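Structure record follows, encoded as structure tokens.
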Amino acid sequence: MKRRHLPPVLVLLLLSILSLSFRRRLLVLQGPPSSSSSSRHPVGDPLLRRLAADDGAGSSQILAEAAALFANASISTFPSLGNHHRLLYLRMPYAFSPRAPPRPKTVARLRVPVDALPPDGKLLASFRASLGSFLAARRRRGRGGNVAGVMRDLAGVLGRRYRTCAVVGNSGVLLGSGRGPQIDAHDLVIRLNNARVAGFAADVGVKTSLSFVNSNILHICAARNAITRAACGCHPYGGEVPMAMYVCQPAHLLDALICNATATPSSPFPLLVTDARLDALCARIAKYYSLRRFVSATGEPAANWTRRHDERYFHYSSGMQAVVMALGVCDEVSLFGFGKSPGAKHHYHTNQKKELDLHDYEAEYDFYGDLQARPAAVPFLDDAHGFTVPPVRLHR
């Protein structure tokens, strides 16, 4: 007896019905996708996020410098002529030619008070301990983890939260603004890189709660004033005003030690070195917005960004990191002196007009605009679980 076979068309129809039935049963078992799972998708362009999260050559260079100082640096001090002060030398071995043996090369030179510092060996041990902490923090960061988690810890660094905060940039747009009283009315006022307020009070105010600087500012203070002024004279807003500093060059950690050693009760030099996680978070946000702006302006692939910016030196500005810190400690944040206008000086307190090439200010302005209008669109801050961007107002 011959078997009866179904026509091919009927076989395909039967398979389609069975497949549809199975898919419906699977959907019933799984349920619809939850809004909570979809909300966990990272904010921003995935490719730009991945590229921005790469620390790049600049971070590797700083780590290499710190490791070299930790392993090979030497410190020696000598009395000056007349023994009025001491000359301090930070040196590293350096081969001046491929065949020549390494010889000591001076990395930093400071004039310091005769009796304010510990012996050379103890000072070197303290410097190596500071370098060791610096390296350990960045290596922990490099092994992964959520750098945005620092946003939950920032209030503890300053000891409390603040209701209203003003971050005062140094742009020349402040001149003639009359914003001084409005700035001083905030609970916390953050100023940048020890910018002068004397003579500009009507436009920039006089109140300062925190001075935020890059370590180049501290290095300049130490080189000029370590011998003559307590705490290197690096607190123009008063000896009690704390300073938050991010490290541009690991050798500058020695300046911090020197200035701490010359502190007095009236100038106690309260210095906070920024958390490595905060440094990484700011670097990623700055690079993301710079990448996005590059792609939008040029139409080129994001991979070509390095043709416009040298990764070894590209860096966020002091102002941007101060803004991110304020987001973590303040219920409301106001930004003054960020931006530019035709004819305005780069800094209100200097004659500088040209911007520094290592910063992408336009990209940072895009970031501030998103903080004010679209805070949920800011990448990487969404990784800070339990953190909400506070209201931000950018005063033009």
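Positions of Cβ are set from backbone N, Cα and C atoms, glycine also.
Cβ-based neighbour count (10 Å, all protein chains) for Asn72 (N-linked glycosylation site) stands at 13. Secondary structure at Asn72 (N-linked glycosylation site), taken from DSSP and collapsed to helix, strand or coil, is helix. The annotation N-linked glycosylation site is assigned in Swiss-Prot to Asn72 (among others).
Positions annotated as N-linked glycosylation site by Swiss-Prot: Asn260 (among others). Applying an 8 A CB threshold to same-chain residues 6+ apart, the list for Asn260 (N-linked glycosylation site) reads Ala231, Phe269, Leu271.
A 10 Å cutoff on Cβ-Cβ distances gives Asn304 (N-linked glycosylation site) a total of 11 other Cβ atoms nearby, all chains included. Look at Swiss-Prot and you will find Asn304 (among others) tagged as N-linked glycosylation site.
Summarising the annotation, Swiss-Prot assigns topological domain 'Cytoplasmic' to 1-6.
Taken from Swiss-Prot, the feature topological domain 'Lumenal' applies to 24-396, supported by a curator's inference.
Taken from Swiss-Prot, the feature transmembrane segment applies to 7-23.
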Between Asn304 (N-linked glycosylation site) and Asn72 (N-linked glycosylation site), what C-alpha distance do you get in Å? 37
